[in-house]
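Engineer: Handing you a structure now.
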């Protein structure tokens with residue numbers, strides 16, 4: 001979706017506005033036995049390992065038109081993964097042979113693709129000046145948190161994503177791609193704009209585009225799938241949207257067990273547990289037993 005600017009601004013110097021889009025994405029399931037819970041954690045840990053997360057972030061950089069400076073990734077034991085990517089708005093000139101450059105960028109996002117959709121070795125390249133330069137650059141990060149409860153049979157997977165940019169590039173362009181990449185049951189999205197930029201007359205601008213809700217930038221077909229609630233603080237350029245998947249098919253939430261294998265009473269109890277878990281995460285508070 002097009003990011004509509006307030007009006008055409010002639011800026012004095014660099015656009016110093018920092019725009020940050022943050023997600024907490026949740027996948028919920030019911031795993032009946034300890035073996036099923038262990039298998040779910042192993043499955044989700046492999047499904048969203050650091051390599052796949054890296055490829056998702058490379059595509060995000062492509063979508064928003066950013067250049068990749070550096071990628072750091074890590075898979076954790078016993079579970080979880082993290083990827084951090086430093087990006088910049090413009091291509092940073094470098095001289096690899098002499099080790100010179102003003103930031104030493106790897107290059108555009110496409111430079112990190114081997115041609116098979118996977119991140120190449122050059123994405124791990126960190127030329128000396130890059131670390132010192134990153135404070136005035138933008139970044140994309142993702143961290144995953146698989147977990148399960150031994151008594152209730154509920155297992156959850158959470159992915160935290162931050163896309164922070166400065167300059168003219170906007171993280172909102174990657175909004176729909178990120179939502180679709182994780183196919184989550186619950187999405188908590190935050191968008192904020194910080195700092196200011198000036199026009200040539202010296203007037204400060206604290207935001208440079210039109211927005212009254214994150215929902216403005218979510219595709220119609222996605223909006224139709226989710227129940228959504230907004231909490232926005234317009235005067236502070238803070239926008240918050242919660243999303244809960246409308247459709248509930250028990251089969252989609254069972255891991256290692258089919259719905260037909262359960263007794264009617266079991267189905268009802270499991271459905272109640274799952275819905276309670278989802279509403280608690282969606283609302284951000286525990287729901288007492290009635």
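In case you wondered, yes, glycine gets a Cβ from its N, Cα and C as well.
If you look up Swiss-Prot, you'll see 138 marked as active site, schiff-base intermediate with substrate. What Swiss-Prot lists as pyruvic acid (Ser) is 138. Annotation comment: Swiss-Prot describes 143 as active site, proton acceptor, evidence class sequence analysis. The annotation active site, proton donor is assigned in Swiss-Prot to 166 on the grounds of sequence analysis.
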Engineer: Please state whether DSSP places residue 143 (active site, proton acceptor) in a helix, a strand or coil.
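Structural biologist: Its secondary structure by DSSP: strand.
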Engineer: List the Cα distance (Å, whole number) between residue 166 (active site, proton donor) and residue 143 (active site, proton acceptor).
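Structural biologist: Checking the Cα atoms of residue 166 (active site, proton donor) and residue 143 (active site, proton acceptor) gives a distance of 22 Å.
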Engineer: Are there residues of the same chain, six or more positions away from residue 138 (active site, schiff-base intermediate with substrate), whose CB falls under 8 angstroms from its CB, and which are they?
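Structural biologist: 66, 86, 87, 88, 89, 164, 165, 166, 167, 169 - these are the non-local Cβ neighbours of residue 138 (active site, schiff-base intermediate with substrate), listed in sequence order.
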Engineer: Counting Cβ atoms within 10 Å across all protein chains shown, which of the active-site residues 143, 166 comes out on top?
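Structural biologist: Answer returned by the neighbour count: 166.
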Engineer: In the three-state scheme derived from DSSP, which category covers the residue listed as 'active site, schiff-base intermediate with substrate'?
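Structural biologist: The three-state answer is strand.
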Engineer: Would you identify the secondary structure of residue 166 (active site, proton donor) according to DSSP, in three states?
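Structural biologist: The residue in question, residue 166 (active site, proton donor), is strand (DSSP, three-state).
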